[in-house]
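Asker: Quick one: the structure is below, and I'll ask about it shortly.
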């Protein structure tokens, strides 16, 4: 009896009709990054503009007031050149391995450093940048809505920033359920147009106002130590204005590719157009704003303009529309990471229900952190310094040296090492100003006050 029980055969496993390759393709077709590959070059252009140009462009004149004409202009131009170069490297490396597309930043890291180490190096930094930017945009959108309310209705009851952040978050609970990059193209295009519009309003209205009487370009710091901290904080603000690298491979993944016409051709065309738009936004705002107002410029140039009120309201409305699009653009790779982990590692079934829950939780979490820490921008310049500088300024150069292996002491080798050294210096110096701002803001802060 016992021997019969022991010898009882195990039930046969039901063979699956679906091969591993078919299952993988089915999942890739469902995930947001690889779900649609029919984008055009102009999609890449406005996606990159939306990702790159943040509402922080309005604080560039203030950053210039702490840097001065010489260092400020050099840092502004140098950041533009270096980040364009590192973006070109990433576009080139997207299909550098024959027969494979590196659709995500961490896949590029894995190709250079190995499967595990590549994940450990890239994913934490990418998440700090993308989730951090989304939280900052929650606060930025809320503050812009609050400014519109205060300007349009000066005699109305004062409403706390918390409620405006919640109002700003409300459309994201709907937009977050757009399945992939191509499905948010209209939102991203609107955001790109808005970024160019409010930047033009900022420097155009400043130029129309004319150079202010008694304008000065001397340092406003009362002590040399204060001047150094202000300089480092401003250095971070200018350098971290170029943060689009964290989504560039994910944008390129949406473009079709073939051996005859690889995706890097339309992608690079889109990047060049985007960088021209970035220059048209950044340089006039920073230089004209600083020239007009000097060291008395506010940390948001719109506050310095004051009048006409209707124009400031319009500009703030444009900022709101822009950060709505930017939020979605930076959230999409995070959605992809979460959904990939749930489906591939934890074996959840790809479904609308899974997507609905994960994305709703993400939007709610970023809203909650934005409400809790409305000075999160200072936190980001501190923690982000350890992530923005590497992912934008020197990690692409290190990966280029590992994959392409240019000849030692060649021009390419020297350029990459110069970018690496400058990027590491930025990573060390940038967060110092942010740390001081955290201390200044946090000492008098009360939660949910």
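Placement of Cβ uses the backbone N, Cα and C atoms for every residue, glycine included.
Feature annotation from TrEMBL assigns region 'Disordered' to 1-25. According to TrEMBL, the feature domain 'Amino acid transporter transmembrane' maps to 38-433. According to TrEMBL, the feature transmembrane segment maps to 41-63, 69-88, 271-293, 313-335, 356-376, 382-403, 415-439.
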Asker: So what's near the transmembrane segment (356-376) in sequence-distant terms, Cβ-Cβ under 8 Å and 6+ beyond its ends?
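Answerer: Tertiary neighbours of the transmembrane segment (356-376) are 131-132, 134-136, 138-139, 142, 161-162, 165-166, 169, 172-173, 176-177, 331, 334-335, 338-339, 342, 437-438, 441-442, 445, 447-448.
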Asker: Under an 8 Å Cβ to Cβ limit, what residues of the same chain, 6 or more beyond the ends of the transmembrane segment (313-335), are close to it?
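Answerer: For the transmembrane segment (313-335), the list is 32-33, 47, 50-51, 53-55, 58, 104-105, 126-127, 129-131, 133-134, 137-138, 140-141, 144-145, 147-148, 151-152, 168, 171-172, 175-176, 178, 180-181, 184, 187-188, 190-192, 194-195, 197-198, 201-202, 246-247, 250, 302, 355, 358-359, 362-363.
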Asker: If we skip the immediate neighbours and take only residues 6+ beyond the ends of the transmembrane segment (271-293), which ones have a Cβ under 8 Å from one of its Cβ atoms?
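Answerer: Same-chain contacts beyond the ends: 42, 44-49, 52-53, 57-58, 60-61, 63-65, 69, 72-73, 76, 80, 84, 87-88, 91, 192, 195-196, 199-200, 202-203, 206-207, 209-212, 215, 217, 238, 241-242, 244, 248, 301, 304.
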